[in-house]
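According to Swiss-Prot, the protein carries these features:
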TRANSMEM  38-58  transmembrane segment
TRANSMEM  75-95  transmembrane segment
TRANSMEM  108-128  transmembrane segment
TRANSMEM  135-155  transmembrane segment
TRANSMEM  181-201  transmembrane segment
TRANSMEM  215-235  transmembrane segment
TRANSMEM  244-264  transmembrane segment
Amino acid sequence: MSDLISALLLGILEGLTEFLPISSTGHLLIAEQWLGRRSDFFNIVIQAGAILAICLALRQRLWSLATGLGERANRDYVLKVGVAFLVTAVVGLIVRKAGWQLPETLQPVAWALLIGGVWMLVAEHFAGKLPERDVVTWKVAIAVGLAQVVAGVFPGTSRSASTIFIAMLLGLSKRSAAADFVFMVGIPTMFAASGYALLEMYKEGGFGTENWADVAVAFVAATITGFVVVKWLLGYIKKHRFTVFAVYRMLLGAALLLWLPAAAG
């Protein structure tokens, strides 16, 4: 397989999995077993494609918030997005400096996929018993910020899975409202994470030698695919539960745990 086709597939995979509650990190690690490992810079660029995708998909919502800051409800919402991001940034930086992060290898990812699938089923079951609410409380904002840190510590957890369900359990029980808030918080979080990673790479000596055609193709693929996925998901969850994603995670996690010993042998 050519490097260009490999880059295209990885870009599509990033766009498909970044916003679904199935872990983009886990899927990229799995894909790299067959498509080859790419540089950290390549992975940052395809995540930038996902960032652009969600900004485009939510452009009307972002514009509405930006132009409606005169309304108290909009100011309150934006402030809570900011607080959730700050919690992630501060606690995440402390965790990173302390080295509290599992290695991005297949075994912890497999366990995270499996356990995360169970968590999704249990969380949605209990959240479904709550009265439907679409108001973001301060408790939800802080918890979402902390849940993003947890997702960073445990590769394969999925940022969207950990945050959407903690928001639902803590009172933001309407699925579409929980997803909307989580995606809004994800925009500054992903921007900051990518910027921090680029800064660290620069300090360590630059970005190395890249095939810019591969990088460009992967970026465009991640952007287009991510845009389609976000639009589809926001429509899907208005009428459906997350059960299919939970079952998929459990099956994939179990399959990986069964495959790993055979691959090692």
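Using the three backbone atoms N, Cα and C, a Cβ is placed for every residue, glycine included.
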Chain residues outside the transmembrane segment (108-128) and at least six past its termini with a C-beta under 8 angstroms from it: 21-23, 25-26, 29-30, 102, 154-158, 161-162, 165-166, 168-169, 173, 241-243, 245-250, 252-254, 256-257, 260
Candidates 75-95, 135-155, 181-201, 215-235, 244-264; stretch with most C-beta pairs under 8 Å toward the transmembrane segment (38-58): 215-235
Remote residues contacting the transmembrane segment (75-95) - C-beta distance under 8 A, at least 6 residues beyond either end: 65, 69, 101, 136, 138, 140-142, 144-146, 148-149, 152-153, 181, 184-185, 188-189, 192
Residues of the parent chain within Cβ reach of the transmembrane segment (135-155), under 8 Å, 6 or more residues beyond its termini: 23, 25-26, 29, 77, 80-81, 83-88, 91-92, 95-96, 100-104, 108-109, 112, 161-163, 166-167, 170-172, 177, 181-182, 185-186, 189
